[in-house]
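Data first, discussion second: the structure below is written as structure tokens.
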Amino acid sequence: MDPIIGNNSSIRGSESNIDLDEKSGPAKHTNINTTRQSTQLSSENLVALHEGEFFSMDNIREQPKDTHSSSSTDDENSIKEFSPSHREPPRERSMSRDFTSIPNNSTTSFHSNKERAKRLNLASNDTPSDRLTKLLTSSSTPSHHKDSMTEPHRRDRRLSTELSPDLISQIESLAKTLSFHTTRDGVLNFMTTSTPTSSSSNDSEHDTLSFEESDEDFNAKMIISEFVRNANEQGIHLRKAGVILEDVGAKGIDSSAANATTVMDIILLPYTIFNFVKNLRNRRMMHILRNVYAFAEPGEMVLVLGRPGAGCSTFLKVTAGQIDQLAGGVTGDISYDGIDQKEMMKHFRSDVIYNGELDVHFPYLTVQQTLDFAIACRTPAVRVNNVSRKEYIAAIRDLYCTIFGLRHTYNTKVGNDFVRGVSGGERKRVSIAEALAARGSIYCWDNATRGLDASTALEYAQAIRVMTNLLGSTAFVTLYQASENIYNTFDKVTVLYLGRQIYYGKIEDAIPYFEKMGYEKPSRQPTAEFLTSMTDLNGLHIIKPGYEDKVPRTAKQFEEYWHNSEEFNQLKHNIEIYKKNIDVEKTRDLYKQSIQQEKSKSSRKQSRYIISYFEQVRLCTIRGFQRIYGNKSFTVTNITAAIIQSLVSGSLFYKAPSGTNGAFTRGGVLYFALLYYSLMGLANMSFEHRPILQKHKMYSLYHPSAEAIASTLSGFPFRMIGLTCFLIILYFLAYLHQTAGSFFIIYLFLVMCSEAINALFECVASACDSLPQANSIAGIIMLAISLYSTYMIQAPKMHQWFKWISYILPIRYAFESMLEAEFHGRHMNCNKSYVPRGPGYEDVSPDNRVCAFTGSKPGQNYVLGDDYLRIQYTYVWAHTWRNLAIMWAFVLGYVGGKIIFTEFKRPVKAGGDMLLYKKGTKLQFNHNDEENDVDSQSKVFPVSSSTAVSTASSQEGAVEPDSFKDLESTGIFIWRKVCYTVPYNGSQRQLLDKVTGYCKPGTLTALMGESGAGKTTLLNTLAQRNVGIITGDMLVNGHPVDITFERRTGYVQQQDMHIAQLSVRESLQFSARVRRPASVSDEEKMHYVERVIEVLDMEQYAEALVGELGRGLNVEQRKKLSIGVELVAKPDLLLFLDEPTSGLDSQSSWAIVQLLRRLANAGQAILCTIHQPSATLFEQFDRLLLLKKGGQTVYFGDIGKNSRTLLDYFEGNGARICDFSENPAEYILESIGAGATASVKEDWHEIWLNSPEYTNLANEVDKLILELQAKEDPSVFSRSKTKYANSYVYQFYHVWLRTTLVFWRSTNYIFSKMMLFTFAGLFIGFSFYNVGYSYAGLQNSLFSAFVSIILSAPLMNQIQANAIQSRELFEVRESKSNMFHWSFILVTQYLSELPYHILFSTFFFVSYYFPLRTFFEASRSAVWFLNYSFVFQLYFVGLGLMVLYMSPNLQSANVIMGLTLSFLIGFCGVVQPKSLMPGFWTFMWKTSPYTYFVQNMVGILLHKKPVRCKKKEFNYFNPPEGQTCGQYMEAFLKTGTGYIDNPDATSDCAYCIYSVGDEYLTYVSASYGNIWRNFGFYWIYIVFNIFAMGTVYYVFHVKNLISISTITMLIAQVKKRIVPKKKDKSDENAD
């Protein structure tokens, strides 16, 4: 024990109090009791790093080194950091960031040692941790020197935000030490410490980090002394708290299993609703946590271990106060240094932070932007030395990024799974830095190393260690695969078993505890894996002799042993001592004072946010602009789409007639503008920000409502860019009213309406829990917007039951004011609208004719626009500015709704895992016998399945000969000097560099390397799945691979992609049927499937549906299914697996690798990539292929017993000696410099190429090839040399059956389709209820048919969203294995859609057609049904799939679909009649299939339909004297349309423009006589869609003749040619 540190095994460790001798400077110390043991650095004080001498190295003069001060041997007068050698890695890795000190070349100094010692005024109760905190939060420049500094000098120093190389070195040295120091190592003292050295040297017991004064270092003592004075004067309050959980329990709703739904549940909807209500009332609760205790002091890291379902995540959430999703509530006591959790959550929530396992960030923000935002949101109002906010943010960001190795990523996007950005390991560190910037006291990290390789996972754990040491914060961390090095970074560990706690204590005491219980830890098994295995009945257990019947096995037995143990009593005793020693009131006052000190003056006292609401909005708005700028392509795409749309539509309405014949067209132009931006608002709904909003809400960075306001503000300017371009082009092409007043009024109201509807859809989204839910509501609103804008149905003609809809939508008021702006004061000539006209009426007096147009007056040769609007729409000019006020009310109201919902509604809902079984499966809950209520992991099995679980299959070396019979491989796979090159930025990039190796039957080969080494690339290349330049040899039994290779090998991908609607057994059966040859009977295939289910131990969930994560199979079950899908194909060559243990806990990983081992023992050849392997897992492999970055081979050969062969190679070539307790897998990765921040000087690839092992490998490969070529027996490959194993008919039959079954179980999709058809039919039908025989009835019939075909747009979006899943599965997995022909995925999808569309369109027909109350006879209604519910469905289903299959992804399909529909619908003759179209566009009217659908549907509704105008629809004029109205109009009516209502009258002749519906059909260029001609056209379009569907898929996806990557490469090549020319020109200019 170090005498300086004292005994640190007590609850309150001893810390040293430091005094400085005035003469020599060495520290004197005395041991004192203190309530704090950890190193703390409060983040609000870090800015002093910039303000102090750290950032002003030039202000420190060199002084001769005081040898007395630096070389004292007296323990009483030396200060060291106690860090036992076993805490360090066995060998110091050479880091890419230099952790050694960089000499300081400063030549100036302010004070001598004596003067600095005089200023060193340390408080007697200051701990070293507090000293360091105060050190880093103070300016180290002496006060008298500050006074003497010139203003420019002071300003230059304050504005400097770049770290000097000296300081970077110091901080990195600090980070290196902090990453290995734990609280059990004693107090971390920074007075005289130095960079950690390799423990292998064993020269010194302690590692130190030197901040001592020397010629080569900055003067730490001077900084400390200056700090103390400033800190005491400025009154800095530091927050830190321990965590105590006592007898804590948590309950939630038991949703562990249920029967899946089918379409039958929709058919029996009332019964389904009844059952749902019944189950809701009888729902059961389950215990997620029981009787949990925990005790963590400030600065401690606690590791939480347990299998999935053990309650680890719930433990963290409960600790962090995230308990709102626990329906059963939380029991027990949770406190933070005596502060109750309720009080903590109410007043100090920002100090307790929970971080989920997924790294959620805005992907288009850079690392610097992400961190700057987080720091700015938590910037305190009172900052040391009154530095500016800008300086503070830059200082904290630079410090954190230096410590976590992120400085090189400042300008790199954070990215995500779909957006390229920083690496996975770097993204983890960004998450840590962001959480650290939130400045919490307690952190809870949930499985944060998922998906990381071993080296990066270790760096993550070390980063957390740095954080706790730096901040003095408390960290609870769950990890699924923790290596020994990761385990040793923690202070304490707890183990959970089905929600019950079975251990809590120091990490070094865990193994003795379980050994005392009767268990033994296997050699080289990581401690974390050993502890987790205790919670697995099937885990690897070694029991001491004589303890076989004594050791606990079930969760309850373990818990009882724990509660009766001495360790448990000691834990409770320690908690009581800690509680007695803490002063709750003092802690509460400290928290209150500290938080009030941090808060802005504008922030509410009770608010948990420290910056004002206005500042939150400002920061979120700036971030909004950054997000938009980072994703420029999206904005550019929207603006480009708007411009293209305006050009097309503007040219369609080009120079609309200014007379009465152009009035309807002008209204259509304005309606289209409003409708287009309504659709844009619908398309912009997104839920991608929800998880980030939830995280930041929990971090207390800002009010969620601040983000709601900011997103509206930041998006507005960019929406205006597109809208402005759109309107300018459309306005002037359509030749709307050419006055500035009209233009700006229309522009104003288009902007207001666009913003109002955008806010409406965002308000709807903020109130919903999922995007499908929001889309369903928004779709209804969009339908209402389309119908009730008063364009299609004018206000006077609306039915009373729906009229109110027009008043609650903003589009009505915007459309009114825009029409008024266009028609106010306009005199519309009646050139072609006069009645009567033509031969014999040339010289008719104006008093004897009328303009046959709404609003006309007798004797007037024009129609005043105001009259037209007043009569047709009941619009008046006086409403214009009233409507503006109403529009503001809508905008503010919708934005206000969005703000309220965003602020108070939880952004993301949590839920437990649920296993879904096939409909009809009877479920049986299997509870532990000793428990009466539901456990957190209560098993649910089908009644027919055995509930007994065999443990033998999981034991090492256990083999079932019968189960693994006939699994042996028949060939040796060899690859020699394989290279793989891909195009990159106009050039070439080599990903694999002459890789050589082989796989023999009966061997298990591991493929390892750091992230980016090319593991998956090599696997894909060997499996013939990569496209690029591939060179080298890939041979099977000495011969090149043939067309059968893909289906004779199995490939288990890292992504577990399966069809969610199929059960485990059905997935396996389908794979077996289509991949095994027809010569094998179906009975034998199914029997083999059952054997594989048995081998993989999947009987318990064989009838369970795959589902989605959280509602279906868990990660381990999915991985087993992925393996099973390949095994049932009975691959006779090789089994590839890509990281099969990724995302699994240690026990699940052990089960998977044991399965692979048994398969290899049965004769299977296996090549498997793996990361984070424990020593026990690693030793299950026979051979290793190790790659480094660049795809270069580092080693290929045997691993050997206890990895001896492998270790001998590395140790013999210059690597350090591997300690027996080390994990060989981590050792070799460390040796070659793997990791995000590591590198080595040796080139291990060159070492390999020059080694005798490489020579032996090359000779062995050549020898194998020669021998195999000589020995090959042709009978081995006598099987059919076809690409597919079965006939096309057989493939089609089983693919169709599968697709049909998928649809039958896709109840959400089918139900939403049914509701859309039914509701839309009712809504449209009753909106146009009883169209009648008036002139308005003609228009309503046209618009009703038009809207019914527009309904195809959302239906096609639904089709595409559903079909993309099967397409992705086929392209990613099934096509690579040649399971079936690509055309069958297209055809079966099309055929499976049709029955539902025909059925539900029948619902639409009934709901829509009959409310119109027109022509009920079968000759009309049956033909309408045939056209719409059969032929039209055949057409647009094919159109939607064709667009999807030509698109690279769903987002692109939506864009292309929208553009396609805009053409098809815009040119069908409804919005703009053919007679008014420019001649150029009439060909589009002829080629648009929607033209013929509209013609037939309207023709059926209007053919021979008599027209009887209403009184206000008549046009009145007087005949010449002496003539009746009938006599006067006789000649005109013989050639013209319409009728005279009062032919015998001699005045006020009432003229109706149409007398029969066919006359109106002629006006819209339709004819009932063309119905069957059009019907024939339909089939041409339908057949075209089907063939085009196959053609575009073949071109874009099978042959990849045209792809995004090809286009990108061409653009890059063009840039490459252009840019040098520009540079040359610039160079010439420079010369």
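Placement of Cβ uses the backbone N, Cα and C atoms for every residue, glycine included.
TrEMBL assigns the feature transmembrane segment to residues 1342-1359, out of the candidate ranges 460-477, 1288-1305, 1342-1359.
Fewer than three CB pairs closer than 8 A are found between the transmembrane segment (884-901) and the transmembrane segment (1577-1596), and contact between the two stretches is not assigned (pairs 6 or more residues apart). Mean predicted confidence for the domain 'ABC transporter' (271-523): the pLDDT average there is 85. Nonlocal intrachain contacts for the transmembrane segment (740-761), taken as residues 6+ away from its ends with a CB within less than 8 angstroms of a stretch CB, comprise 670, 673-674, 677-678, 680-682, 684-685, 712, 716, 719-720, 723-724, 727, 731, 778, 781, 785, 810-811, 814-815, 817-818, 820-822, 824, 880, 883-884, 887-888, 890-891, 894-895, 898.
The largest share of C-beta pairs under 8 angstroms with the transmembrane segment (669-687) comes from 773-793, of the ranges 708-734, 773-793, 1314-1336, 1380-1410, 1422-1446. Packing against the transmembrane segment (1422-1446) from elsewhere in the chain are residues 1348-1349, 1352, 1355-1357, 1359-1360, 1363-1364, 1367, 1386, 1389-1390, 1393-1394, 1397-1398, 1401-1402, 1404-1405, 1409, 1453, 1456-1457, 1460, 1489, 1493, 1496-1497, 1500-1501, 1571, 1575, 1578-1579, 1581-1582, 1585-1586, 1588-1589, 1592-1593, 1595-1597: each is 6 or more residues past its ends and has a CB under 8 Å from a CB in it. A contact links the transmembrane segment (1342-1359) to the transmembrane segment (1453-1472), because at least 3 Cβ pairs that are 6 or more residues apart lie under 8 A.
With a threshold of 8 Å between CB atoms, the same-chain residues lying at least 6 positions outside the transmembrane segment (1577-1596) that come near it are 1382-1383, 1386, 1390, 1427, 1431-1432, 1434-1435, 1438-1439, 1441-1442, 1445-1448, 1489, 1492-1493, 1602-1603.
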